[in-house]
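Feature annotations, courtesy of Swiss-Prot:
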TOPO_DOM  1-12  topological domain 'Periplasmic'
TOPO_DOM  34-37  topological domain 'Cytoplasmic'
TOPO_DOM  59-68  topological domain 'Periplasmic'
TOPO_DOM  114-120  topological domain 'Periplasmic'
TOPO_DOM  142-151  topological domain 'Cytoplasmic'
TOPO_DOM  173-369  topological domain 'Periplasmic'
TOPO_DOM  391-406  topological domain 'Cytoplasmic'
TOPO_DOM  452-458  topological domain 'Cytoplasmic'
TOPO_DOM  503-655  topological domain 'Cytoplasmic'
TRANSMEM  13-33  transmembrane segment
TRANSMEM  38-58  transmembrane segment
TRANSMEM  69-89  transmembrane segment
TRANSMEM  93-113  transmembrane segment
TRANSMEM  121-141  transmembrane segment
TRANSMEM  152-172  transmembrane segment
TRANSMEM  370-390  transmembrane segment
TRANSMEM  407-427  transmembrane segment
TRANSMEM  431-451  transmembrane segment
TRANSMEM  459-479  transmembrane segment
TRANSMEM  482-502  transmembrane segment
Amino acid sequence: MGIFSIANQHIRFAVKLATAIVLALFVGFHFQLETPRWAVLTAAIVAAGPAFAAGGEPYSGAIRYRGFLRIIGTFIGCIAGLVIIIAMIRAPLLMILVCCIWAGFCTWISSLVRIENSYAWGLAGYTALIIVITIQPEPLLTPQFAVERCSEIVIGIVCAIMADLLFSPRSIKQEVDRELESLLVAQYQLMQLCIKHGDGEVVDKAWGDLVRRTTALQGMRSNLNMESSRWARANRRLKAINTLSLTLITQSCETYLIQNTRPELITDTFREFFDTPVETAQDVHKQLKRLRRVIAWTGERETPVTIYSWVAAATRYQLLKRGVISNTKINATEEEILQGEPEVKVESAERHHAMVNFWRTTLSCILGTLFWLWTGWTSGSGAMVMIAVVTSLAMRLPNPRMVAIDFIYGTLAALPLGLLYFLVIIPNTQQSMLLLCISLAVLGFFLGIEVQKRRLGSMGALASTINIIVLDNPMTFHFSQFLDSALGQIVGCVLAFTVILLVRDKSRDRTGRVLLNQFVSAAVSAMTTNVARRKENHLPALYQQLFLLMNKFPGDLPKFRLALTMIIAHQRLRDAPIPVNEDLSAFHRQMRRTADHVISARSDDKRRRYFGQLLEELEIDQEKLRIWQAPPQVTEPVHRLTGMLHKYQHALTDS
């Protein structure tokens with residue numbers, strides 16, 4: 001496909017984006033808004049953002065959800081801006097500095113919350129800064145400006161949603177159904193690999209792919225939930241399927257690890273059974289029916305606990321899968337599965353990374369303020385706004401440097417494109433609303449195609465071009481003002497990029513160590529006799545941390561294996577019949593406190609000391625378990641956990 005070619009699958013969204021822009025433009029001028037540009041810009045960003053992230057037309061519900069987040073972020077930012085102005089209107093410099101800190105604070109929060117919701121906080125940060133900068137000449141008009149900005153943004157969002165509904169957005173339901181079938185086959189094939197006990201790298205690749213696919217399925221569930229309320233039952237089932245899929249991965253990998261020391265546990269009966277290849281979900285269904293008969297014949301005692309647990313989870317997966325595909329009423333058996341255990345939320349391991357993002361945003365905004373005050377440039381305020389926008393949006397993504405480069409390319413492309421519209425097209429079409437709408441529709445159509453290709457600079461070019469062309473009411477054509485705005489955007493992006501390069505993010509290793517220690521803490525916390533604590537479902541949170549570890553350290557197999565081993569230890573100890581008595585309960589509470597100290601330790605010396613204390617306590621715990629005559633289901637996992645922690649002691653404690 002050529003660089004300027006147009007694929008058929010890209011046309012519908014390009015028309016949708018053009019329609020959203022035209023609707024916002026028409027409504028803005030029809031209701032005599034002072035700056036219809038904000039409505040048009042909002043419609044373009046809300047519609048194009050999900051398409052750029054997806055690399056194609058977004059699924060149904062994505063644009064609505066992004067619009068909802070934008071409304072929330074705008075209102076939070078407007079309220080914060082009003083509070084800052086009311087409190088500090090007599091000290092303008094201090095007011096701007098507080099706004100810079102507010103933008104940094106919002107970036108800090110957006111780095112810690114779910115990536116889907118971080119957009120609202122990033123927006124809240126720079127909205128307050130936009131309000132404070134814009135009202136500098138006339139502070140008394142602050143409430144009016146805040147109300148107008150909110151109104152224009154809501155109009156833009158409504159127009160984007162109307163355009164999305166008008167062109168029948170894609171439903172993700174069929175993709176979910178296909179992935180459920182395919183994922184079950186992949187789970188069975190992973191178990192086959194683990195029972196064969198072949199090449200470790202092949203097994204590592206297989207379970208790593210399954211972790212990614214399960215995480216992707218969870219993202220599809222979020223999309224389906226946004227799409228329509230009629231998928232509420234399917235959403236409940238998919239949430240339980242996420243845990244079941246992770247359970248299947250855990251049991252398969254434990255089957256592989258058990259054979260490293262005790263290969264005789266997997267009998268020839270099961271080895272021969274899992275030799276039969278499967279290609280479809282129907283093949284897996286037949287094999288599971290046969291496998292349940294084999295287990296009924298051999299008995300639960302003669303069946304390895306990992307295979308028994310795997311079959312139980314796969315059977316539940318199958319039952320819920322049928323319910324998701326048909327979206328029928330939830331029956332009593334499904335309801336029993338769905339009641340399940342409450343999921344546990346873990347503390348973010350990226351606090352240091354979030355603090356780096358705070359300083360990047362705050363320092364870049366302060367640098368923009370100093371540049372504005374030092375030069376006295378009329379468009380210094382525009383540069384400041386772009387600095388806040390770039391840093392607020394870039395920091396929450398995995399590669400902020402590339403986001404900043406995208407904005408630089410976009411603002412550079414917007415200069416000639418905006419010049420064409422400012423000097424030629426808009427002056428010749430402003431007398432006709434139809435011609436004006438057609439001219440902007442053409443811009444939206446072609447940039448909409450490039451956005452779907454994820455072309456570098458396409459998203460920045462769309463937003464920057466709309467921002468600098470004259471879409472005010474009434475239209476005024478001052479070339480110096482246009483040039484200032486265009487250059488202000490470029491300078492702001494370059495300054496933001498400079499700060500991102502200078503304030504380096506060296507938090508990766510620290511985040512990795514915190515994640516690994518959180519796995520250790522989870523394994524230790526499973527040693528409890530508290531019934532409520534044992535019913536807590538840690539699995540989704542643990543695999544979410546594992547997925548983050550895989551993204552932070554791609555290809556680092558030793559780290560992945562260590563994390564997976566800790567997850568397996570957690571699951572095994574959680575189900576182990578630990579003797580119930582006050583002595584063990586008190587000692588396990590002490591061990592959990594020590595594990596928490598390992599995570600929270602700020603220096604290597606403290607971390608080593610607490611980790612050494614944890615190892616000593618694990619040795620004492622093994623002795624106590626022998627005294628209290630704990631069964632092998634308890635002593636063996638504790639012994640394996642202690643051995644793993646001794647082996648990887650330096651990796652878990654040293655910076």
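Glycine is treated like the rest: Cβ placed from N, Cα and C.
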The transmembrane segment (370-390) touching the transmembrane segment (121-141) per 3+ Cβ pairs under 8 Å rule: yes
Contact ranking winner - 38-58, 93-113, 370-390, 407-427, 431-451 against the transmembrane segment (482-502), Cβ under 8 Å: 370-390
Candidate ranges 93-113, 152-172, 431-451, 459-479 - greatest C-beta contact count to the transmembrane segment (13-33) (under 8 angstroms): 431-451
Averaged pLDDT, computed only over the residues in the topological domain 'Cytoplasmic' (452-458): 86
Leading contact stretch, 38-58, 93-113, 152-172 vs the transmembrane segment (459-479) - CB distance under 8 Å: 38-58
Long-range Cβ neighbours of the topological domain 'Periplasmic' (114-120) (under 8 Å; 6 or more residues past either end): 49, 65-66, 69-70, 72-73, 76, 222, 393, 396
Tally of DSSP helical, extended and coil residues in the topological domain 'Cytoplasmic' (142-151): 10 helix, 0 strand, 0 coil
Intrachain neighbours beyond the topological domain 'Cytoplasmic' (34-37), with Cβ under 8 angstroms and 6 or more residues off its ends: 24-25, 27-28, 148, 152, 466-467, 469, 471-473
Distal contacts, the topological domain 'Periplasmic' (59-68) - CB-CB under 8 A, six or more residues away: 46-47, 49-50, 116, 119, 157-158, 160-161, 164, 169-172, 175, 223-228
Beyond the flanks of the topological domain 'Cytoplasmic' (452-458) by 6 or more, those residues with Cβ under 8 Å of it: 10, 13-14, 51-52, 55-57, 405-406, 408-410, 412-413
Within-chain partners of the topological domain 'Cytoplasmic' (142-151) [C-beta distance under 8 Å, separation at least 6 from its ends]: 33-35, 38, 74-75, 78, 81-82, 85, 127, 130-131, 134-135
